[in-house]
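These notes concern the structure reproduced below.
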């Protein structure tokens, strides 16, 4: 396994050049891969596996919208598409790709279907790490493994189709067969991962929950809203406030940072922007550090898990969620955003 230097720290990384798709096919040649859940990660991983020549079946609540989506994607009821319990019985590798709350709901049925030597696969460590709250405690005679793509289901599929793939982390929680790591890496390669980073279930879930609530979404949304509100309070128009807060970030700067790094970005902007950004970055870092410390503590002690399971399991959850999302969508900031997005250069081209 090659090592790569990340900021002065040597880390092991599995590559698709070292562990080829051909090798993955050999490792998984006698496996039936059951994908439980056809919502977010399910379609991408299932279709990538199918396109790479692996035997895949889907387990989904019969007749719901996701069942119909699976049919539209080419899975056939009674052949490659089954109710959840039936699909779990047929598989040798059971991919638990339902929502976290969904996994808790179906676990008692899935557990009864597991056979000695099966592999129970996750793309998120939530159910296993917070077992005291989820009740997900696998039997000792199955492998318990994880491959967590570093991107949404949409990107897992999109990148696979354009040939680039997506990187993933992987972990083994329980090795009952002596083949758990080999199976895990093979499954990571099979869904299109070019590089696989070793982790643990615990580290994956702690970093993932912190990231989602932090920079990736929660902190990002909150910070953008705060700046937009300050600009509006001081008389800037909605379009100007949105452009200076969101549009320049998403359409220009973040792409350049992704390609070249933050040091390059600082070196390739106006001297006024450069000096100001360098001066203010530490202030923002120090201001939000206590919030991140608090967030990480809540993730680690299970407080965030308790909230997720309580709220997401409520009978009126979807109704309340729609109201929350509608409030955001109908806010001045994001209504301004919709108008600004319509004026992007690529949309002007479509009108001609």
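Glycine is treated like the rest: Cβ placed from N, Cα and C.
Computed from a predicted structure; not experimentally measured.
Binding of NAD(+) is attributed by Swiss-Prot to 38, 39, 40, 41, 100, 101, 102, 103, and within the candidate set 135, 151, 153 the record adds 153 to that site. If you take the C-beta of residue 208 (Mg(2+) 2 binding site) and look for same-chain residues 6 or more apart in sequence within under 8 angstroms, you find 124, 125, 148.
The DSSP secondary structure for residue 248 (Mg(2+) 2 binding site) is helix. A helical conformation is recorded for residue 102 (NAD(+) binding site) in the three-state DSSP classification. For residue 38 (NAD(+) binding site), the same-chain residues 6+ apart in sequence whose C-beta sits under 8 angstroms from its C-beta are 46, 58, 60, 66, 67, 69, 70. Here the Cα atom of residue 248 (Mg(2+) 2 binding site) is found 15 Å from that of residue 270 (substrate binding site). A count of other CB atoms within 10 A of each Cβ picks out 100 as the most crowded of the binding-site residues 100, 212.
Residue 212 (Mg(2+) 1 binding site) is 19 Å away from residue 102 (NAD(+) binding site) when you measure Cα to Cα.
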